[in-house]
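Asker: Taken from TrEMBL, the feature active site, nucleophile applies to GLU104. As annotated by TrEMBL, active site, proton donor applies to GLU108. As annotated by TrEMBL, domain 'GH16' applies to 1-218. What TrEMBL records for ASN112 is N-linked glycosylation site. Feature annotation from TrEMBL assigns signal peptide to 1-27.
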Amino acid sequence: MSFHNKLVSAQVLFLSVLVLTVVGVCASDFFKDFDLTWGGDRAKILNGGQLLTLSLDKVSGSGFQSKNEYLFGRIDMQIKLVPGNSAGTVTTFYLSSQGPNHDEIDFEFLGNLSGDPYTLHTNVFSQGKGNKEQQFHLWFDPTKAFHTYSIIWNSQRIIFLVDNIPIRVFNNLESDGIPFPKNQPMRIYSSLWNADDWATRGGLVKTDWTQGPFIASYRNFKANACIWSPSSSTSSCDGVSQTSTTSLEDSKWQTQGLDGAGRNRIRWVHKRFMVYNYCTDSKRFPQGFPLECNRSRF
């Protein structure tokens, strides 16, 4: 290899390391990245930090949260949900800020009777206001193996993905007066808890405690994201420009949208697996649908 080629290779390596550092790409180490916040020993980190489990019994559920706050990024987590009769249980994985005017980006998995599908509930809150629910059934059994659930959050849009297949897009329509979460840093939260007053068939099916304890498992967390510093009120991405270098693939989330293939996949999901969309619930909105419902979905 010539000196020139060696120099170019070294420059590319340096830029790659720089971007991965300032953007905050994290491989899975639950000891390093998360705090177990409630539920006592029902929440456990195992296998040297590579696996985390949450448990629910009749006394309590459990939960954890990220040590870092983030302001934009791509967040991935592999989750294996509660197997068997999970009716009444809710497993959550979401981003949230704090306070009455908080922002939030939600995955919630609503359990069901054995043999019936889970319902994947999604929502977006901005400045304390949500009511933007979309719900889906999945095209696989989420209790048999780990599957990857991802949130891409940039200044233009939020994309929800399951095994890298987009299932929902929430676009930034601030120009139309629709609030969008972009100013409040958020932590990652997850919990497993009893919600049998509403979670399964509107609360008609209650949790069968003889099936407990109920356990959900997590692995392969990755935060390719801008880490927020509360002390300086700055992000690790501040002042970092994007580069076109192909080695810096991890930065593409910063402007990521849907290409033609992505739009085809999300149409497939909506046609076959969407079970509720607030934008078509005329009984809930008799005076007219929210403004964003009249805009392009993707």
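Yeah, the Cβs are placed from backbone N, Cα and C, and that goes for glycine too.
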Asker: Count the other Cβ atoms sitting within 10 Å of the Cβ of the residue listed as 'active site, nucleophile', across every protein chain shown.
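Answerer: Taking every protein chain into account, the count is 18.
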Asker: Rounded to a whole angstrom, what is the C-alpha distance between the residue listed as 'N-linked glycosylation site' and GLU104 (active site, nucleophile)?
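Answerer: Cα of the residue listed as 'N-linked glycosylation site' to Cα of GLU104 (active site, nucleophile) measures 25 Å after rounding.
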Asker: Can you check which residues sit near GLU108 (active site, proton donor), meaning Cβ under 8 Å from its Cβ, same chain, 6 or more apart in sequence, and list them in order?
Answerer: VAL90, THR91, THR92, PHE93, TYR94, LEU120, HIS121, THR122, ASN123
Asker: Could you please provide the mean pLDDT value for the domain 'GH16' (1-218)?
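Answerer: Within the domain 'GH16' (1-218), the model's average pLDDT equals 89.
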Asker: How many neighbouring Cβ atoms, not counting its own, are there within 10 Å of the Cβ of ASN112 (N-linked glycosylation site)?
Answerer: 20
